[in-house]
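What Swiss-Prot lists as NAD(+) binding site is 78-91, 285-297, and the listing cites sequence analysis. For Arg99, Arg109, Arg138, Asp227, the entry in Swiss-Prot reads substrate binding site. Residues or ranges marked as Mg(2+) binding site by Swiss-Prot: Asp227, Asp251, Asp255. Here Swiss-Prot flags Tyr145, Lys195 as site 'Important for catalysis', drawing on sequence analysis.
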Amino acid sequence: MKKEFKLAVLPGDGIGPEIMAEAMKVLDAVEQKFQVRFERQFANVGGAAIDRDGKALPDATVEICQASDAILFGSVGGPKWDTLPAEERPERGALLPLRRIFGLFCNLRPAIVFPALTSASSLKEEVIAGGFDILVVRELTGGIYFAQPKGVEGEGGERRGFDTMAYTDAEVERITRVAFDAARKRGKKLVSIDKANVLSTSVLWREVVERVSADYPDVVLSHMYVDNAAMQLVKAPKQFDVLLCPNMFGDILSDEAAMLTGSLGMLPSASLAEGSFGMYEPAGGSAPDIAGKNIANPVAQILSAAMLLRYSCGLADAADAVEKAVENCLAAGLRTGDIYQDADGEQLVSTSAMGDAVVAELIKS
């Protein structure tokens, strides 16, 4: 089994550098505990890269990523760069090109409510008692966001805006197999999201998903219209295990599912290419208002590193250990400000203290 890995580390803007520092501590501990090695190359991205190199994704950063087994990404953006043209701002100028260059067609967004944090959710306790763990599998490079033609035509009050929604058999089959593989390793339940009652692309989507399901007889497949799925996520989220979504539907539902957990600071994500390459990042933003104050929640960045261990390095045992260490810290009452409720048994801790606690749990496990 491979024991050495090359990682491109892109801390970015806002809280990115400080939460990334905690993820680096955790990877140090993984090296020690599991006898592996991570060669880490740090590179600029986002606003930090604009300030230094003139663009959000410098060529040097791309080269470092191309020479790596995976990318661990922090966060980008902030009001400092909001006056730039939209395509030059940190978010669009860095993330979209990275997805295109590396063929990142699949987005995995876990939405996890840990048993110790059910009170932080916006849902009633009886709806989420014991917590839940949902994985949203979103197709990332097709659908209405990318298909052509699109644009605005005409003048004055007669203008017309238009977009095209399109999927091919191959695009749907590729993402469907990722979702079935994930479901097979989890609760063996897959819900495919579409709008097949009105959209031709969804008719194709459903037909392909049904065809692929024959290769996964151990996974229970069901279909759900996207409007019903949005309602069911709020009404009874524990019914779901893996959700398979086209691009736009996954964009919306993954954010909805994420907010049910109480804080974006808890949630990781992975964007995967074919093979083992992927980019891993927190689901939240750069939070420039709290940057540098040592109060940001590093858990999403740490869990993103755990996803990197699982999907790009094949180190499932290490990933499990990191995730369990995080769960143990939360069960012990440790809370950063975003999830602190001043309840009995809770202890307010800093960014660095939370990282140190996860490392301590990991080492002793």
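Including glycine, each Cβ sits where the backbone N, Cα and C put it.
Because the structure is a prediction, the values reported are computed rather than measured.
Feature annotations (Swiss-Prot) mapped to structure.
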residue : record                         : Cβ within 10 Å
Asp82   : NAD(+) binding site            : 11
Arg99   : substrate binding site         : 17
Arg109  : substrate binding site         : 24
Arg138  : substrate binding site         : 27
Tyr145  : site 'Important for catalysis' : 16
Lys195  : site 'Important for catalysis' : 17
Asp227  : substrate binding site         : 12
Asp251  : Mg(2+) binding site            : 19
Asp255  : Mg(2+) binding site            : 14
Ile295  : NAD(+) binding site            : 18
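Local packing around the Cβ, expressed as the count of other Cβ atoms within 10 angstroms, is greatest for Pro90 among the binding-site residues Gly78, Pro90. Of all the recorded positions in the list Gly78, Tyr145, Lys195, Asp227, the shortest Cα-Cα distance to Asp251 (Mg(2+) binding site) is found for Tyr145. Taking the Cβ of Ala86 (NAD(+) binding site) as reference, residues of its chain lying under 8 Å away and at least six apart in sequence are, in sequence order, Arg92.
Cα-Cα distance from Asp255 (Mg(2+) binding site) to Arg109 (substrate binding site): 9 Å (rounded to the nearest whole number). Same-chain residues with CB within 8 A of the center of the Asp227, Asp251, Asp255 CB atoms, the Mg(2+) site residues themselves not counted, are Val226, Ala230, Met248, Phe249, Gly250, Ile252, Leu253, Ser254, Glu256. Considering only the recorded positions Arg109, Tyr145, Asp227, the residue whose Cα is spatially closest to the Cα of Ile295 (NAD(+) binding site) is Arg109. Summary for the binding-site residues Ala287, Ala291: the Cβ-based neighbour count within 10 Å is maximal at Ala287. Following the DSSP three-state reduction, the secondary structure of Arg138 (substrate binding site) is strand. If you check the recorded positions Gly78, Arg99, Arg109, Tyr145, Asp227, Ala291 against Lys195 (site 'Important for catalysis'), the ones with a Cα inside 10 Å of its Cα are Asp227. In the three-state DSSP assignment, the secondary structure recorded for Lys195 (site 'Important for catalysis') is coil.
Among the recorded positions listed (Asp82, Pro90, Tyr145, Ala291), Tyr145 has its Cα nearest to the Cα of Asp227 (substrate binding site).
Taking only the Cα positions, the spacing between Gly78 (NAD(+) binding site) and Arg99 (substrate binding site) is 21 angstrom. Ranked by CA distance from Arg99 (substrate binding site), the recorded positions Tyr145, Ala287, Ala291 have Tyr145 at the top as the closest.
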